[in-house]
Each structure stands twice: as C-alpha cells, then as structure tokens.
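Engineer: Heads up, here are the entries from Swiss-Prot:
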DISULFID  CYS126-CYS166  disulfide bond
DISULFID  CYS397-CYS440  disulfide bond
DISULFID  CYS467-CYS490  disulfide bond
DISULFID  CYS502-CYS519  disulfide bond
REGION    154-159  region 'Fusion loop'
SIGNAL    1-23  signal peptide
TOPO_DOM  24-559  topological domain 'Extracellular'
TOPO_DOM  581-600  topological domain 'Cytoplasmic'
TOPO_DOM  643-653  topological domain 'Cytoplasmic'
TRANSMEM  560-580  transmembrane segment
TRANSMEM  601-621  transmembrane segment
TRANSMEM  622-642  transmembrane segment
Amino acid sequence: MKNGLKASVVALFFLLAASSASAATNSVDTVTYESNSDFFDGQVLQVGYTSNFATDKINVYLSESKIESETGAVADEPITFDVSHQNTYAKYPTQDTGLESITGWDAVKKTVSSKQELWDWTTTNCVDTNDAGTFTVDGYGTTDVDARANRWFDTWTGQYKYTIYCWQRNDYYGAVADIGSPDEVFRTEWRLQAGDKNPQTAVITNGDGGTGVTSNLGRYAKVSWEGSLSTGENPPLVDDEYALHSNDYEGGWRVISESRYSSYQSFVQNNADDLLGEWGAGLTTESHIESEMNGKAEEAASEFTESPLSDSEILDSSFQNGAFKLDMERSLMYPEFSVYVDAGENGYATISKPVGKPEIVSTSGAEFGELGQGTISVEAENVGDSEGSFSARTDSCGEYFSGNSLQDTQRVSPGGTASFDFRVTFTSTSMTQSEFSDQCEVVVEDTGSGNEVSASVSVTATQEDECTEGDETKKEKQVNGETVDVIMSCTNGLKLEEDEVCSADEEARYIDDDVQYECRDKDSPPGGGGGDPWTIPGLGWQLDTPFGGMEKALSGNAGALTWAQLLLSFIGFLAGFALVGVKLGKMVDGLATEFIPLSDAVVRLGIGLVGGGMAFMAVYQLVTNPLGFLLTVVGLLLTGYLYLKGTTPDINL
C-alpha cells in the first residue's frame, strides 16, 4: 500500500441517452481529487462524464495511470463502472374519488293493501336513482328512493290497493376509480469493480427513491440519484380514462371510458324514474326498460380499447393502491448519478496521495486588561512528505474570551513552518476587579488532506472595577519607593483612571460632593474648603479660598453647609469692615488727606474693605474646619445672648 492518506472515490455520471441507440461510452471528461465525502472517511476522487447524446450504456475504465495523471493520486488497481440494462416505464396510480359503482338493474312491481305497507316495502326494497328526487307517501313522510305507485279499488275485496314500481340492483360490474398523472420509473443495473476484487452491484430505480436518496452498491460503494429522469418522450396523459375494479378482471382492473361512464350516470339519474312512470302507465314493458338501463351499464363497463393504457400491465391489484404500468419506447435521457467508492485504509479500492501534515511546535499566550485586546500565536511545522496548504482558526475560547479566527492560508514546504496570530478580547459582567485565566483552542489544518492538529493557548485578562461616571475615589501606589495617594476618576462608566497623583507631602482629601477629592498638604488644616487652595508667597501657607463656595451659591448648587459657611464669613466681613473702617479710619484720616487728595469717607471705605476682606478670609478658614465651624456658631450665639442681656432694660412691676 502506498504511503499517504487514503481516499474515497466519487464517480459523478451524467447519463445522457437519446432515442434507442445502443452505443457504449467508455471515457470520462474530468477526474479531480477533492475533499471528504459524506459517506466514507478520507479524500474524494471525483470522476465526471458527459455523454455524446447517443448512448444507453456506460462502460468506463479508469486505469492507474489515468487516475495518477489527472489527480496526482496513486492507485493500486484500475476501477471500472458499468451501467446497463435500462428499463423505463410510466406508472399510473388509481385514486378513489367517490365515484358510483356500475351495476345491472331489475325493474320490480309489488301490490300492497295499505299506505303503511307501501311505505315499509318501498323504503326496504327500492333504490335511489336520482339524488335530487324524493318519493312521498301521504301521512308517512318522504324517502329518497325513486318509486312510482298507483292507487286503485279492488272490487273483489272491496278495498283500495297500491301497486308499486321501482328499481333494484342485480349484476355488479365493479367499483370506479380515477387514474392519476403518470410517474416515470426507470431501472438500471450497476456494476463496480476495483482490479480483480469482487464486483459491487445494485439495481437503481427512481421508483425506489428520488433526488437526494442514496442506495448501497454492494458493501463498499453507494449510488446516489441526483438529477431528474427523462426519456425525451412524455407519457400519454389520461384525459378520458377511468379504472374499473373487480375480481372478475385479469389483474383486478380494467380501463374504461370516462365519457361512457358519464353517459351511463346521466341516463340513470335523468331517465330511470321516467321509465318507471311509463311502465306503470302501461306505455312500455318491464323487459324494455330493463334493457335500456342494462345496456347503458354494459357500455360503461366495457374495456376502453382505444386508450393507450389498454395494453398496460397491472402493478397492484388492490383497490386502495392500484397502479398501471406502461412501458416507454425510448431509453433514458439526462439521469444523473453519483458513485462513491470507499478507498480508505480498510476500503475497497486502494488510492493514496502525498500531502502535507501540520504539527504545532510552539504557542504564545496573552495577558491584557478589560476593554483591551491581546494576541496569541501558534507556529506549525510541515512534517509531511509534500507541500502543504495550512490554515488556522480559533476553535473555541473559555468563558468571557473570544478569538478572531480569520486567517490567510499559507503554503508550507516539507520541514518549513508557518506562524498564525489571533486577536483575543475579553468581556465580563463582573462589577469588581479580578483576574480571569482560561484557554483558547487553536486548530491548524492542511486544506488539501484535511489533516488537522490543535493546541490550547493560555489567556489572562484583568476585570476592572465598573463605576459611575464622574465619581472619584482615592488609592495608594508606590512612586520612587514612597507610598503616595492617587485620585481615581470614572470617566466612561466602565473603569477608574488616574486623574491626579499627589506628592509625598500631600494627601488626597475629600472636599465635598461636587469637588470630591483634592491633593492637599498633609500639614494644612483639616476641612474641605470650597476650591483650589491659595499658597501665601514666601510663607508657603495654604489657605482655603471661598470662590468655589461662591460659585456654587450663584449657580444654585450650594448645600446648607456651604450657605452657612458663606453667611458666617460675611458676618465676619461686616464686623471687620465696621471696626477697621471706623476705628482705624479715624487714625489715618489726617495722615491720608495730608499726602493723598482724598476725602475722609473714601479713605475709611477703602480701609474698611481691606479689613472686611481679611476678616472674611479669617472666618472662612475657621468655619471650613468642622471644629472651627462649631466654635464660631457657639461664639456668635453666646455673643448675641450677652448683647441682648446687656441692652435689655430691667422692668420693675
């Protein structure tokens, strides 16, 4: 047995036969080596054939050299296909459509003495010949049978009597069925042989199958009907034929004329009752009306010799599944078959082809964070005897991971290698930061042979904290060997990112719900403040500035605490303005007006604004500290109490 992968053989035949020519065809048009079939493991040898339109027999011989020259595959023995002994016919099924049976007729007469006897005898012994007619007996209702009755007086008995005239059925010609449209049926004998091995044979008919149906051709091959059968002639249509069923006929069936049957039915329905009336009136005889009715029945049941089905065979004699068989004059035309031959390691035919064989020699995993992506790689070596065409794909990845499997095919010489890279992404619904590790399976395949190998590659991804956009928090990290605070900000609702890194002398301090965190000197007074701190030049002292609180107050976003801080600071401003502007203003009035040409009021206003501003800043520094705020409020309440106590006059009653 040759080295390499074993193959399955597919023989695809287009049997194109016209008229009844009997020339045999023994060549093929195409031989290709393709992918696996659905029936046997291994590669597929496809043999395609197109007829010269003048054959009803196929006798194809595929030598070892023919197979190798067309495909590069090596065969240990020749393969032959024979298709012969065609038999084609049209099958006409019968159909029960509720048609009335054909029978003989007896005209009967009966004399009774009462209306009750008339009713009883008529409904029991007479038949209906006209579906639309009814027979009425006064005082006893109606019946759907057809009958005539004469009432007369019997002088011998002195009573009125009734004479009844009606029809009864006698001879049974048979049940009538419709004939359906014909189905073409063919029968061919197949024979396949590899070298001197036992031949594989089968009889293929489209009556047993149809498009997409597969039959066994012995143990090691299959024949599939793939096309539509035609002989180049249309089976005769049945436009004036019915089928009559009775055990008296050969095969249980007889072909009759539809028009004769319709004439019989029309005569019975339209004339049977009138014939009874003529007989009862004495205008004709019993034998005459029976001859009229039975003549129509015999004519309807007679064989329709003018029909093309008069020479047909009976395929099924039962009434439920009856069928006629009509042989066709022409041979098959345009049937299409596929033959699949097992040529694997333990198969029927021995065929092999050198191919590439991949082997994964190295892999490279990936580590990345959420919203990012990583790259995994595999390197495959061709350890086969022939050039290979390698492709790779990510077959599957663990939970939360997905891989991009689109890859270009690479041709690899024996002993050569090819590298394949795959982009891997990570998505998780977890809300907390954690690390996920899993694997992706990568498959490398030689496209020519179907040989494939796989390897598992490690992937690791870090799940970031999910957050509310705009929120800030603080964390610690090492910078130059020192632990510092880092202000983290949520900018996109998915992850926290570094917003500001504090120095070693600073700390991330929470200010309020709007400002949130700021880097402040560790030695600065505690408290939030309302904006960026101001550093006093030369001293390095940091002061809380009120501008942030004022901005919030003006925009309507200030809370109760901010309003209280600004109000207390404004009281400090008024106190500073009054004390400094009045007291200190008097001291500098003369000095200022001596050197500066300004009025005393303007000087006092300027000095008061400076003093008030300094008082405002001093109070603001105090009240932005929680303890200072509390002491300020308590001090104001105590001062107010003492002021009221000292200024309120005593009232003596």
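Quick reminder: no glycine exception, Cβ is built from N, Cα and C everywhere.
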Engineer: Can you check which residue among the disulfide-bonded residues CYS440, CYS467, CYS519 has the largest number of Cβ atoms within 10 Å of its own?
Structural biologist: CYS440
Engineer: In whole Å, how far does the CA atom of CYS397 (disulfide bond) lie from that of CYS502 (disulfide bond)?
Structural biologist: 41
Engineer: From the Cα of CYS490 (disulfide bond) across to the Cα of CYS502 (disulfide bond), what is the distance in angstrom?
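Structural biologist: Here the two Cα atoms lie 18 Å apart.
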Engineer: I need the CA-to-CA distance for CYS126 (disulfide bond) versus CYS490 (disulfide bond), whole Å please.
Structural biologist: 100
Engineer: Look at the disulfide-bonded residues CYS397, CYS490 and tell me which residue has the greatest number of other C-beta atoms within 10 angstroms of its C-beta.
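Structural biologist: The most densely surrounded of these disulfide-bonded residues is CYS397.
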Engineer: Rank the disulfide-bonded residues CYS166, CYS502 by the number of other Cβ atoms within 10 Å of each Cβ, and give the residue at the low end.
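Structural biologist: Least crowded of the disulfide-bonded residues CYS166, CYS502, by Cβ count within 10 Å, is CYS502.
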Engineer: When you rank CYS440, CYS467, CYS490 by Cα distance to CYS519 (disulfide bond), which of the disulfide-bonded residues ends up on top as the closest?
Structural biologist: CYS490
Engineer: Considering only the disulfide-bonded residues CYS166, CYS467, CYS490, which residue has the minimal Cα-Cα separation from CYS440 (disulfide bond)?
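Structural biologist: Given the candidates CYS166, CYS467, CYS490, the nearest one is CYS467.
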Engineer: Do you know the mean pLDDT across the topological domain 'Cytoplasmic' (643-653)?
Structural biologist: 51
